[in-house]
Ligand SMILES: Nc1ncnc2c1ncn2[C@@H]1O[C@H](COP(=O)(O)OP(=O)(O)O)[C@@H](O)[C@H]1O
Ligand SMILES: Nc1ccn([C@H]2C[C@H](O)[C@@H](COP(=O)(O)OP(=O)(O)O)O2)c(=O)n1
């Protein structure tokens, strides 16, 4: 980084299937920033609890397990990785058994406090050094604009209609968005967002957070819309 150049922190929140991961990854690539997938941290914590035989209904046991979670996040947007206790779980944490169970960790307030601390530390590391060499980070999740990094330089709420989000997830998981595929996807999108909404507000933009509605945009169009928000915010900062 050039001397005197500012680092950039971009925070992106939104519901399941709004495009947070794919859009944030591409925005990070284009801007040379690190990419932090905070949802993957909740998924990794869930994988760890299941691996260790921790009963997800026991809130105290879950919180203890999360405090001891041996987690390493790889923040290269070209190859984001998740390792737990040295095991690469990047693919395993996307399995349906994790998607179905992750809200037990996401609704545990002690687990949230612990993962929030680690997320803030990862973001702070990228502001000064880290993988990006101090250029900064795009961090995405449900409470990044509001709780984890409310002081981010750019804050975006990425939304899309429930219909669009269900169709995208169905295509991703089943290769089609026909009625059966959408029905099979509903638990992972609608039920999970309803459960998660009991502890975090990610359906309505907080003050100072810019909403990007991707319902009628394709992926490149959504990336461009977010890049435009970043450019405007950085121009205002200069
Ligand atoms: N604007 C968009 N238009 C069409 N498909 C999209 C768009 N944004 C994302 N997708 C696709 O929808 C799926 C879910 O996107 P993802 O980035 O995983 O969302 P999230 O991280 O918010 O759950 C992926 O298959 C992705 O390629
Ligand atoms: N900052 C965050 C990020 C994710 N979560 C929760 C919400 C989800 O149920 C899980 C997994 O998040 P993830 O972004 O991977 O979920 P999607 O499948 O992309 O919708 O973690 C959260 O509570 N707070």
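The backbone N, Cα and C atoms fix where each Cβ goes, glycine too.
The model shown is predicted, which means the values in this text are computed figures rather than measured ones.
Quick look at what TrEMBL lists:
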BINDING   14, 15, 16, 17, 18, 19, 20, 21, 22  ATP binding site
DOMAIN    10-231  domain 'Cytidylate kinase'
REGION    1-22  region 'Disordered'
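Distribution of TrEMBL features across the structure.
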residue	record	Cβ within 10 Å
14	ATP binding site	28
16	ATP binding site	23
18	ATP binding site	28
20	ATP binding site	27
22	ATP binding site	14
Of 14, 16, 18, 22, the binding-site residues whose C-beta sits under 6 angstroms from any atom of ligand 2 are 16
Same-chain neighbours of the ATP site, Cβ within 8 Å of the mean position of the Cβ atoms of 14, 15, 16, 17, 18, 19, 20, 21, 22 and not counting those residues, run in sequence order as 23, 158, 160, 165
